[in-house]
Structure formats: structure tokens, C-alpha cells
Amino acid sequence: MSVRNASATLAALPRGSADSGGASGSSAAEAGAAAEFASKKYVWVPDKEAGYLPGWVVREEQNGEVVVVALPDGSHQSVPAFDISKQNPPRFELSENIADLTFLSEAGVSHCLRQRYQRGMIYTYSGLFLVAVNPYHQLPIYTDAIVAAYKGRRREDNAPHVFAVADEAMRNMLDNRENQSLLVTGESGAGKTENTKKVIQYLAAVAADMAPATGSSLTPEAPSLTRSASSMRNGLSKAGSSRYTMDKMPSSEGEGTKQLGLLERQILQANPILEAFGNAQTIRNNNSSRFGKFVRIEFTSTGCIAGANIDWYLLEKSRVHNRSEAERSFHVFYQLLRSGDRDLLSKLLLTGSPGDYAYLKSSRQNVEGLDDGVEWKALRTALDTVGFSPEEQLNFFRVVASILQIGNIQLAEDRSGAEQARIDNSAHIEKVCHLLGVPEQELTKALLRPRVKAGREWVSQSRTRKQVLEETAALCKTISPDEQKYFHWSAGHRRLRDLRGQLIRAALHQLHK
């Protein structure tokens, strides 16, 4: 995973052996290693299992087109000359910037990243970029003390870290009065989601320090100086849950927790909401973002947060009804069912078991390290912090429950032998209509005999069981958590649209297509 617009890694600690490779080694050990390296021609040899193996050239054959390389196990291997890569001198072993390497090759870059990762240094510079290697477990490198160490410091003053990226962007914004962008990219499981949250955490913490004593960052100054962008798909393991935000993370040095204003806390608490409705467990990642995200944070001229917008798009809505058996649907379905809130489940006409619902029973039920009950509490806390009322929250979960009930609608062919579908058990469709506020007769008719326009006239068209199943799946995708039908969240200005009314219109329109 890479981050554009500057820098950083393990912690803002004094540099030791992990210092940048540009300086010459002064110790006897370094001098000895340099002498040993100079005495032989060290190279990297491709290997199917290890990727690359270190070795040194023993001799050249066929006019230099083939080289014989001595490997660490004592064996010799003949390799085409174009397949080998030169090793970098020992002083570049833990280089903080890949651009400093003498020989820039895939083997050299991989070795540098591997050596740093094995020592807990997950961040490495690559010129203007920051490369992050996902550790898949929590590291104590995002505490208040680390935030303070990177605040206002030059890139060269500390080891590589995502906080340095955020700090450079913020300083450029304030100094140059220009919008700044951060682009977080990478494949599934690279750590995009978590690093995006760390950027937001840092900006919120720094802005809180600049805020008035009232605890709110919002001031009358002119807003809008920066934007942050994050592009899609996936995060660290669920152990790095968004509930571990700045105001709850203990400092490694025993100091008090960072006190954030309401606006900063709302921005941070948007993450559990987005993750619940838009993230899912996949084969590669327990907390995979199934959508793209664009985050825009607006600042005053003094560096205080004035507002924020989080737009999400390209939601993988087909996951609601169809996915691999080794994967899960969106987190919110499992969180709701395992919430332990009997009163809420009763209002939503739900049981507490995912196995009772057709859209979930063929998916993976439990994930190691993932506690749906704990995540549910984090979601409800986030919804309260952002400002959604109990009634608004109930409307959200009505939609979630209705999707589960739609999947349980039982269909059969007409007893007369015709292919026309019929409802085999009306219990589930009654529950759907109750949850969405749709007349049962109207929804049944829309499913089984929708009206279609033929020329200038409207006629009723019979549906087969297969067609109805396809349409119920399309219906669930239509009403699944989508920013245009659920909510558009904007810190400092939150609005909830006429959720159920719009969903009903969208659902019936979908069925009448």
C-alpha cells in the first residue's frame, strides 16, 4: 500500500540502527561488513518459494550470458545473467527511503521492506510516497505521544510514519493556503481503511489543539482549506477496529487521553458507521471495504476543523444476497442479530441467529478475532455521537431487517401446473410490509403480477418463480445501504432524508420495471 504526499514508520523514537542508509557506517562491524561486501559480487537470484535468494557470483560462462552463483546453503546454481540483480551495500539494509538504494530493483526493494517489517517498521518512504506493509495486529505507534512527536516536525526529523504524511499536508495547507489531497491506494488487505482512519485521527487531534478552550474546533473563520481522499478496498484485521479512536486510545507514556471537541469526535465516529454498512469479511480480509470513499475535511484559516463530508460510492450491493460461502455479507447484518437487544429484535421481527435467514445461512457465521456484539455497541455509540435520534436509528435497522425478511420469502409454482409463481408462506412478506410500511396486497402484486406498459396500455404480467427470485434480489440491492437512500453524513450539518418513503418508492419502481 502506498500513500502519496509525504512520509513515515515505527515511531517518533530516536533513530538507531534503522537510520536512513545515506550515512556511512562508523563502527568496526559496519566497516567489516562493507569490506566483506566489496570482496565479492553479491547478487539476488530468483526463487519460486522465497522470491529471491542472496548469493555471490563464482564465475561467468558463455561470454557472460550465464553466471554461476554460490547460494547460502553452499550449492552452486547457473542463472541467466539477465535474471540476477545486484545487492545493495550493507548500509542500505534498513534504508528509510527506497529511493536511496544504490541498485533499485524488485529484489532490492523487497529485501529492504522485508527487513524493516521484521523489525516492526511497517512504513518506508519511496521518494514522495509512503509504503505501508500491513502488520495484521495492533502496534503502539498511534498514541497521543506519537502524535505530539510528529506535530509540526520536518519529515527528516522522525522515522517514516503516516502521521508525517498528514502533518506535511496540513502544514502545506496552512502555509500556502491551498487545498491538499492524500491518496491512499493498494490491493485488498493492504491497510487502506486503517491508514485513512489514522490520517483523520491525526488531523482531528492537531486541530483540537488549535481550537478554542470551548472544546469545539468550529470558529467563525473562513472554512475549507483541505480535502483528504481515500480509494477503496480494505483494511487491517478487525483487531484494529475503528472504535479505538484517538479519544479512547491510552498513551504509551501514561499521559491522559486526548480531549477532542464534538466535531472532531463526530468525524472519527463516522468510521464505525461506514464500516458497519459498507465493510464485510472476505477471504483475504476480515474488514474489507466494499466501497470507495472520498473524505473532505474543511479547516479554518487557523487550522481548526470547520466541517467534513464523507462520500461513499461503488458499493458492492450484490453481496447482500450473493457471495462465497467462505465470506460474509455486510457487518451490520451480523451485528444486529447478535446485538443481544431483545427489545429491538422484537420490534424488527427478528431472531438472534444468522442461520435463520436465507441470505446469511450459507455465509461464514463466525470470524476469529471479530466480536459482532462488541462492534454493535461501537456502532450504536457512533450513531449517537454523530447525532442520529433513536427513531432515525430504528429506521436504519428496519431496512436491514426487511432485507433479511425478503430473502426468506418462500415461493412456489402455481398448483395448476402453470409456471406462474405464488407466495408459499405469507408470514415473511407480512413482516416485510410491516417493516417498510408497504401494503401487503400491493407488494404481492408487484412481485407476482407487476404492471408493464405495452404500447399505450398497462397490462399485468405473470412472473415465474425464477423471475421473482431475481426481482427480490434486485429489490434488496435497491434498498441496501446506499448513500442516496440511507443517509448523507456531513459533520456540522447532518440530515436524514425521508428514508422509508423514498425506499418504498424506489422498491416499487424497481419491481414495476
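Positions of Cβ are set from backbone N, Cα and C atoms, glycine also.
Here's what TrEMBL has on this protein:
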BINDING   Gly186, Glu187, Ser188, Gly189, Ala190, Gly191, Lys192, Thr193  ATP binding site
COMPBIAS  215-244  compositional bias 'Polar residues'
DOMAIN    38-89  domain 'Myosin N-terminal SH3-like'
DOMAIN    93-513  domain 'Myosin motor'
REGION    215-256  region 'Disordered'
Across the domain 'Myosin motor' (93-513) the predicted model averages a pLDDT of 82
In this structure, the one of the binding-site residues Gly189, Gly191 whose CB has the fewest other CB atoms within 10 Å is Gly189
Checked against DSSP, the composition of the domain 'Myosin N-terminal SH3-like' (38-89) is 5 helix, 29 strand, 18 coil
Within 10 angstroms of the C-beta of Gly186 (ATP binding site), the count of other C-beta atoms across all shown chains comes to 20
If you tally other C-beta atoms within 10 angstroms for each of the binding-site residues Ser188, Thr193, the top scorer is Thr193
